[in-house]
Amino acid sequence: MATATMTATLFDDDVCPVCQTDRYLNPQMKLKVGPCFHKMCDNCIDRLFAHGPAPCPTCRQTLRRAAFSEQTFEDLTVEKEVRIRKQMATKFNKRREDFKTLKDYNDYLETVEDLTFKLVNEIDVETTKAAIDKFAAENRDLIRINADRLLNETRLATQLAEKQRQLKQMKREEYLRQLQAEEEAKSEDRKNLIQELATSDKSAKTILDSRKQAISLKKTSMRKTEVKPSSSSSSSFGTPLLSDSYWRMQRDDDMDRHHDDEDEMGVEGAGAFDPVQSQYMDVDLGVGYVNSVNNNKAHAGGLVYPLLTSSIGVKDLYVEPAGIGSLNAMSKAGGYRLAFGYERAIQDAHTALFEAAL
Amino acid sequence: MASIRNHAEQHNADIYRDYKKDKKVGEGAYAVVYVGRQLSTKKVVAIKKIKIGQFKDGLDMSAIREVKTLQELRHPNVIELMEVYFHKTNLNLVLEFLESDLEMIIKDKSIVFMPGDVKHWMLMTLRGLDHCHRNWILHRDMKPNNLLLGRDGQLKLADFGLARDFGDRNRQLTAQVVTRWYRAPELLFGAREYGYGVDIWAIGCIFAELLLRNPYLPGNTDMDQLDTMFRALGTPTEADWPGMESLPNYIKFKQYPKTPLRLLFTAAGADTLELLESMLIYDPNRRISAREALLHPYFFNKPRPTPLENLPKHVRETPEAAKLKRKAEALDAYDLTSEDGKRLARRLDFTGMS
């Protein structure tokens, strides 16, 4: 809230240097900054770059619309430096372990700083840019490797953060549940007490005394039971998440339930997920064949190879004829099946029957 | 006649001119692999140059097999053979270029596998293999090294140098296929007639390797391979695998008991183990098929396969890091039994103190 009002006041006296519009005339005006670090309102950008690249009205440098972006910092020099540093970081991404000694690494950082300083302050821009390009060309492979590395690291970090978040949420839910259970037990207790006081013929004092004793007993036993689950949960959830992660993901049903929402964006959408990917089937098999194989998905749980089922009537007729085709124990033990041959012959006969003419 | 020949030569020359080899990336027994470019499209490709001259019977068998099978297979999870051309006496296969493989990822211990990652890799492997089997082709060299990964995360089956068609009764197949650690028991017993089970067994070993981050059944010799296998999965009996004793190279082994997979794969879920177990069934007739595996509940259960773009990528080592690592390994290998080592060990031995 505070930041929003602050930026509003900061930019109150904004004036577009091109069309001289200010916030008083156009409250929706947005000032954007181009690569040459000259401001312009979005109307002017739309107008000037409607027909592709055009020169900047201030410095005549050729710009295009996509290069403009909203200003993050009020001070343009800061904005400029941040942008330049961002660009530099994509190329100069070497790490400590890429150097033999600390000194080499520091020297490298020093040169990067020098180059950045020159760019920011526009000293020898041409030679600096040439030096940067030369570095980028020389270290192309390394730059890509480090970019990949960064990708893997951020991936791991987000995964860990996600796990921590889930863990926290689970703990919170557990706590809330306990709280509620306690509350319920208390009210139940009170009800019972009133009931007893109303109906029993013992004196009120003895009833209350026995209550107090029961409560103190309960408390100690509660404390005992509480200790147990917390220690066991710390052993399975409190440990660093790296090595054990696999175990937890696979076994813990609770975890899976938390996962549901993100998981929906799995490989190809949760609903339409088809491990077999039948769209590739008509590449090599006839249309009629595709249908019969697809129907076999109903067999998912069964143990027969879908191609070898009786859907085409092969297995039933041919597998155990006594004479010519029977297999000896050796072939059988090797995993050969007569059905392979018959199935293949039939498939070969059908191939291209349903292909469109060339 | 002559004009047809000229036409073919012209076509071959056109293709040849369109490709440029940039850098040698690998060399095998019968081929050299280069990374190159298609000049007309700027596409990066792998060019496999097959050495011909040295074979007196013409082209090497595996080259013929590779061309023959890859021409028939088109699938997102099978490497694409883009062109074939001759240059001088060499045959050149132009293949898709993929920069890493599953073995690199498994060995890169800086990467943590999520269950969804393993699931997606298995899914892609099985999809590609199912496509081969549906077209009656056995891959016969399934191993992490031959499962290539593209920059987009897509996994593709590669190296069809041992592949051949199956199902025809009158032809015997050779049992000397598949890298030893991934070789199925029927092959180790010398079966000459077999089916898709040999590829499924290999996938089972790859699956286990993805879960363990270590080779599952690393045998040193063929005999040791059987021993390792039986130790891990129990020695099969004639009841487990009918006809086993009739296989050509059958040898009676010590009876090891079957230990439940759960003991080794403590981290895996029930559906994962169920699928793994059905891939590692001794009797090839009862072993799961690629299609059945794809329809196994494992692939439908949570967690869902990780989306392609989020799969971990292999980070190639920088030359400096590789050098440092080699140095560290040299230190690790410092032999404690050598003269120096012994002296060191004695100096640090505190057992004599009371």
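Cβ coordinates are placed from backbone N, Cα and C, and glycine is handled just like the others.
In TrEMBL, annotation is done automatically, which means it is predicted and not curated.
The domain 'Protein kinase' feature in TrEMBL is assigned to B:19-299.
Taken from TrEMBL, the feature ATP binding site covers B:V25, B:G26, B:E27, B:G28, B:A29, B:Y30, B:A31, B:V32, B:V33, B:K48, B:K49. Secondary structure from DSSP puts B:K49 (ATP binding site) in a beta strand.
The Cβ of B:D141 (active site, proton acceptor) has B:D159, B:G161, B:L162, B:A163, B:V177, B:V178, B:T179 as same-chain neighbours under 8 Å, each 6 or more residues away in sequence. Under DSSP, B:D141 (active site, proton acceptor) is assigned to coil, being neither helix nor strand in the three-state scheme. Residues or ranges marked as active site, proton acceptor by TrEMBL: B:D141.
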Give the three-state DSSP assignment (helix, strand or coil) for B:E27 (ATP binding site).
strand
Long-range Cβ environment of B:E27 (ATP binding site), under 8 Å and at least 6 residues apart:
B:V33
Lowest local Cβ density (other Cβ within 10 Å) among binding-site residues: B:V25, B:A31, B:V33:
B:V25
Nonlocal neighbours by CB distance (under 8 Å) for B:K49 (ATP binding site), same chain, sequence gap 6 or more:
B:K21, B:A31, B:V32, B:V33, B:Y34, B:N90, B:L91, B:N92
Where does B:V33 (ATP binding site) sit in the DSSP three-state scheme?
strand
